[in-house]
Amino acid sequence: MAPTNKAERKAVVDVAAWMFNVVTSVGVIIVNKALMATYGFSYATTLTGLHFATTTLMTTALRWFGFIQSSHLPLSELLKFILFANFSIVGMNVSLMWNSVGFYQIAKLSMIPVSCFLEVVMDKIRYSRDTKLSIAVVLLGVGVCTVTDLNINTQGFIAAFIAVWSTSLQQYYVLHLQRRYNLSSFNLLGHTAPAQAGTLLLLGPFLDYWLANKRVDAYNYNLVSLMFIILSCTIAVGTNLSQFICIGRFTAVSFQVLGHMKTILVLIMGFFFFGKEGLNLHVVLGMIIAVAGMIWYGNASSKPGGKERRSLSLPTSRQQKHASFSDSNEHDGNV
């Protein structure tokens, strides 16, 4: 009876963590879209720096009140993480500027096979046939939803390549650091958020001027735009935290696969808030395919052998190792 209760508790926490990430991620996208499209605040990198500055205030306050225990992360590991994370943010912004929307979406979809490659090479993970097929169905569905054209140019391809690999490495590294140094999501965020805030707020205004040809200090700030900026930063605290929680519990591949539910919700929310022209039979069909693929992936990857770590040991010890891997501590659970 106890294992069943433990499994049920884990399932409840997994669902809560995932819903937390979905709600905050979709919320921050909708707020940012309104801020940029309606109020002309086109300074994405600087805004991301403000997000991490607000997250730093949150983690500092939690540490001050004793909710976060002191922990250690080597400087070399922190610098590698910041390198991957900042190249991810900058790469995505530049990729969106230099590429067509269709190729930008294809690049985002390619993060799933890249993340799979990293898990296979670095963690010796093996995927079952059903798990691989379910991932392919998700990619197909989201592709049908979002890809409209495939104009490719050299500089755009390079930007997309850097963005995809740096994002995949950053997400892989979240789980790697949590496991290697026994860090909770709060601990890891407390180490990384200040460094990301500092670097992005330092470089963001220059990068945004290059991308948008507008200076952030010359923006016509008013009460409404400031309220949207504050709202965006507040929601982003939840987005940043929930990303670390979800990757720690699910792994980067599952986070990417199930994360495309956010893409579908953004399309639906955009239909309600910003106009009906984007939602048609073609898009709805893609949504249905993608959701079916996500359900299949959740079922296939949770079955024995659906997604497991390879081992060179004897079969009995291999089974024990797999059981231990599946029932690891709360913030490192896998789907």
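Placed from the backbone N, Cα and C atoms, the Cβ positions cover glycine too.
Those TrEMBL annotations? Automatic predictions, nothing curated.
Under the heading transmembrane segment, TrEMBL lists 12-31, 43-66, 78-96, 133-150, 156-174, 186-207, 219-241, 253-275, 281-300. What TrEMBL records for 23-297 is domain 'Sugar phosphate transporter'. Under the heading region 'Disordered', TrEMBL lists 303-335. What TrEMBL records for 313-327 is compositional bias 'Polar residues'.
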Chain residues in Cβ proximity to the transmembrane segment (43-66) (below 8 Å; excluding those fewer than six residues from its ends, i.e. six or more beyond): 28, 32, 35-36, 89-90, 93, 186, 189-190, 193-194, 196-197, 199-205, 207-208, 211-212, 214, 216, 219, 229, 232-234, 236-237, 239-241
Long-range Cβ neighbours of the transmembrane segment (219-241) (under 8 Å; 6 or more residues past either end): 20-21, 23-25, 27-28, 31-32, 34-35, 39-41, 43, 47, 50-55, 58, 185-186, 189, 193
Would you mind listing the long-range same-chain contacts of the transmembrane segment (253-275), meaning Cβ under 8 Å and 6+ residues beyond its ends? 18, 21-22, 25-26, 29-30, 33-34, 37, 111-112, 115-116, 119, 134-135, 138, 141-142, 145-146, 171, 243, 246-247, 283, 287, 290-291, 293-294, 297-298, 301, 334-335
